[in-house]
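Below: the structure, in structure tokens.
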Amino acid sequence: MTGILAVQGAFAEHAAMLDHLGAPWKLLRAAEDFDDSIDRVILPGGESTTQGKLLRSTGLFEPIAEHIAAGKPVFGTCAGMILLARKLDNDDNVYFGALDAVVRRNAYGRQLGSFAATADFGSSSGDSAVVVAPGEHVPQDAPADIVLKDFPLVFIRGPFVAEVGPAATVETSVDGNVVGLRQGKILATAFHPELTDDTRIHELFLSL
């Protein structure tokens, strides 16, 4: 079952996406919500500083940190990417510190704070990659080499990755800025796939 952090931000949209896919989920609002049924976690978009404080005050920080440290699947979108990052290049706060990347908060500034784009999502080391076109579905046993063609990217005052460490793999970039990463069973995007009708990234997460 997917636990969706629900202390602040766009958690309802992730829940709706999982409903559409027929995948069970549970909202995480307090430490007691994080039980043995949770085998994957979504960290939604929102305000990362507020979420960081509420993670501590609700007692959810430790169980989620232990989940990530155990190598279990986690998906962070926008603020969720910030919470996962090893370091922020314009903020002294560090939260889970699990994603080998330096992330820049509010990287696009106010003028370009919200915009849409389209790009391929995924990485390929050769000709053997599985390519999933719009309208198609990600296989349940999706390989590491998988490319989601023409994925719609919705940004709302999003971050981008200022520096990618060796443990992380770039999944997508826009105008030269890295906005999607994968590291083992960690998936992180600066954009909001839950605000689109395209379920492929959530399907990829559920396959991890």
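Every residue gets a Cβ built from N, Cα and C, even glycine.
According to Swiss-Prot, the features are:
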ACT_SITE  CYS78  active site, nucleophile
ACT_SITE  HIS192  active site, charge relay system
ACT_SITE  GLU194  active site, charge relay system
BINDING   GLY46, GLU47, SER48, ARG105, ILE156, ARG157  L-glutamine binding site
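This view paints the features noted in Swiss-Prot onto the structure.
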residue: GLY46; record: L-glutamine binding site; CB count, 10 Å: 22
residue: GLU47; record: L-glutamine binding site; CB count, 10 Å: 15
residue: SER48; record: L-glutamine binding site; CB count, 10 Å: 27
residue: CYS78; record: active site, nucleophile; CB count, 10 Å: 30
residue: ARG105; record: L-glutamine binding site; CB count, 10 Å: 20
residue: ILE156; record: L-glutamine binding site; CB count, 10 Å: 17
residue: ARG157; record: L-glutamine binding site; CB count, 10 Å: 17
residue: HIS192; record: active site, charge relay system; CB count, 10 Å: 21
residue: GLU194; record: active site, charge relay system; CB count, 10 Å: 27
Using Cα positions only, nearest of the binding-site residues to HIS192 (active site, charge relay system) (GLY46, GLU47, ARG105, ILE156, ARG157): ILE156
Among GLY46, GLU47, SER48, ARG105, ILE156, ARG157, the record's L-glutamine binders - longest CA distance, Å: 13
Three-state secondary structure, which DSSP defines for ILE156 (L-glutamine binding site): strand
Near-site residues: L-glutamine, ref GLY46, GLU47, SER48, ARG105, ILE156, ARG157, CB cutoff 8 A to centroid: GLY9, GLY45, CYS78, ALA79, ILE82, ASN106, GLY158, PRO159
Between GLU194 (active site, charge relay system) and CYS78 (active site, nucleophile), the C-alpha gap once rounded to whole angstrom: 11
Length of the line joining the Cα atoms of GLU47 (L-glutamine binding site) and CYS78 (active site, nucleophile), in Å: 9
Cα separation, CYS78 (active site, nucleophile) to ARG105 (L-glutamine binding site) (Å, whole number): 9
